[in-house]
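**Student:** Shown below is the structure under consideration.
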Amino acid sequence: MKWVTFISLLFLFSSAYSRGVFRRDTYKSEIAHRFKDLGEQYFKGLVLIAFSQHLQQCPYEEHVKLVREVTEFAKTCVADESAENCDKSIHTLFGDKLCAIPSLREHYGDLADCCEKEEPERNECFLQHKNDNPDIPKLKPDPVALCADFQEDEQKFWGKYLYEIARRHPYFYAPELLYYAIIYKDVFSECCQAADKAACLLPKIEHLREKVLTSAAKQRLKCASIQKFGERAFKAWSLARLSQRFPKADFTEISKIVTDLAKVHKECCHGDLLECADDRADLAKYICENQDTISTKLKECCDKPLLEKSHCIAEAKRDELPADLNPLEHDFVEDKEVCKNYKEAKHVFLGTFLYEYSRRHPDYSVSLLLRIAKIYEATLEDCCAKEDPPACYATVFDKFQPLVDEPKNLIKQNCELFEKLGEYGFQNALIVRYTKKVPQVSTPTLVEVARKLGLVGSRCCKRPEEERLSCAEDYLSLVLNRLCVLHEKTPVSEKVTKCCTESLVNRRPCFSALTPDETYKPKEFVEGTFTFHADLCTLPEDEKQIKKQTALVELLKHKPHATEEQLRTVLGNFAAFVQKCCAAPDHEACFAVEGPKFVIEIRGILA
């Protein structure tokens, strides 16, 4: 890369990086500006999401009252921007509203202490009290009751959906939740007219639920990336992902979008939902206005209404790679000015490398691309200080192959195991693996994480070879982030803390490399853990599996060195015991008699 070309690129990148695509206007009343930009319907939806994500135990009706009051105030400010308090920031207005709730301390305890702070510390305090694992009952869809609610009051139905999802997922990407609420309403508009409502509704609700849970996990990872590793980490992630998806767009264009995408997500992660949604709409508008230079896959997206448009852009298919790309080695190994370019503008040079490498490797996971970029950076940092830098970094690309081989081999082995055992058996294998690695982690967390890790088989193993790596590693990043988020609240394992905090891009390799914890002191055998009742027979299959897997974790915590043969025998006997009692005329009586015998059996097998 010639120096004059690089300087031109640096100037363009620096300008785009600092400026982005948004205008940074100031307004007399921020809340009036957002209300006018978003419109009343979306404004009310976003305010409802904001309150629900902070006050997760509050009844829906209380939130509706708060939303109504904020909306009326916003309308006052639209009519007269100089009216009392209209010049206050949205953070201040929102925080004041929370702190005015009389029962705040009674229902939320320490959250009320935040009210003694000033902005922005008060808002940061509110964020720290969000609960990623709230004690809220699982929703069980009743098609007849739901259709009755939908037909009685569509607006309330829409609001309750936002409320229920937001309070269970306090970092859900708010404008995307508005999109899913539209899809949810559409499902009910169609299925509540059907003769068999359940047959129409239940598969569609389950399909939507999977998409919503994945969306929640993706946003939680983005927020964790920004909160724990800084904005630069998120920008690097976005640069790699967008370069893969839009390989025809030039580096400066991608950099502009990355800068503003970081702003949008930082706003949503910090609870600035109105500004986040407004800026996301502006970014979608910019991308569509410039789609000719960004991607050929956006036309269909750009013809859609706002929420569908933004969602469609985020999920857009990868564009074809330009045919005239030079080999990467030309600019990043063979060019004699590599060290000069690197030293003069490290971030731009490394960003260019990541952009060029990512657009050529749509089959790699983002984490792998970032690990490769880290190795390239470390090599230049070392070589550019030596007497003959070109000779030193001449073989840098050879260092990348082991980074690629490691996840490929791991995925191959695990997919073979998945094919052999099936999903439930594969989950059990992962439960054994992770309980031995980090037995200090709570049993519910180990079961949840292992079950989700096990889903990588059905999600990714049947995909074409060129899609497997990115599918598996990107999905595993979401699941391991869930483990890290839960563990941060109640840290019990130094190994988990180390893997979670040292490097975002090396999390998965760190967890994969963990060995069984030989320092762990086994738990005492608790008979109550292996006591079961008649309700086990009527549980849905997934809940029945969770009961069995919970027992498996507890078994391993008692006997961490149990052999595969011992565990297989115990699980086989357990299945036979459950089958016998669930087939008996009196389930409870059978469990009462056979249960103690089963416990004696377990202890004998593991002795």
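Using the three backbone atoms N, Cα and C, a Cβ is placed for every residue, glycine included.
Feature annotation from Swiss-Prot assigns signal peptide to 1-18. What Swiss-Prot lists as phosphoserine is S29, S82, S89, S442, S512. The feature Cu cation binding site is assigned by Swiss-Prot to H33, with similarity to another entry given as support. Marked as Ca(2+) 2 binding site by Swiss-Prot: D37, D278, D282. The disulfide bond annotation in Swiss-Prot covers C99-C115, C114-C125, C147-C192, C191-C200, C223-C269, C268-C276, C288-C302, C301-C312, C383-C392, C415-C461, C499-C510, C537-C582 (among others). If you look up Swiss-Prot, you'll see 210-402 marked as domain 'Albumin 2', on the strength of sequence analysis. Feature annotation from Swiss-Prot assigns phosphothreonine to T443, T445, T569. What Swiss-Prot lists as N6-methyllysine is K557.
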**Student:** Show, in sequence order, which residues other than D37, D278, D282 on the same chain lie with their Cβ within 8 Å of the centre of the Cβ atoms of the Ca(2+) 2 site.
**Tutor:** R34, L38, E275, A277, D279, R280, A281
**Student:** Kindly assign the residue listed as 'N6-methyllysine' to one of the three DSSP-derived states: helix, strand or coil.
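**Tutor:** Where the residue listed as 'N6-methyllysine' sits, the three-state DSSP reduction gives helix.
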**Student:** According to DSSP, which of helix, strand or coil covers S89 (phosphoserine)?
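**Tutor:** Its secondary structure by DSSP: coil.
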**Student:** Output the one of C114, C392 that, of all these disulfide-bonded residues, has the highest number of other Cβ atoms within 10 Å of its Cβ.
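**Tutor:** Of C114, C392, the one with the most crowded Cβ is C114.
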**Student:** Quick check: of the disulfide-bonded residues listed here (C114, C191, C200, C312), which one has the Cα closest to that of D37 (Ca(2+) 2 binding site)?
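**Tutor:** Nearest in space to D37 (Ca(2+) 2 binding site), counting only the disulfide-bonded residues, is C312.
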**Student:** Using Cα coordinates, what distance in whole Å links T443 (phosphothreonine) and K557 (N6-methyllysine)?
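**Tutor:** It is 9 Å, counting Cα to Cα.
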**Student:** Nearest to S442 (phosphoserine) in three-dimensional space, by Cα, is which of the binding-site residues H33, D278, D282?
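**Tutor:** That would be D278, the closest of H33, D278, D282 to S442 (phosphoserine).
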**Student:** Would you mind listing, in sequence order, the residues at least six apart from C200 (disulfide bond) in the same chain with a Cβ closer than 8 Å to its Cβ?
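**Tutor:** The list for C200 (disulfide bond) reads E190, C191, A194, given in order along the sequence.
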**Student:** Counting only residues 6+ away in sequence within the same chain, which have a CB under 8 Å from the CB of H33 (Cu cation binding site)?
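**Tutor:** Counting only residues 6 or more apart in sequence, the Cβ neighbours of H33 (Cu cation binding site) under 8 Å are Y27.
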**Student:** Have a look at the binding-site residues (D37, D278) and report the one with the fewest Cβ neighbours inside 10 Å.
**Tutor:** D37
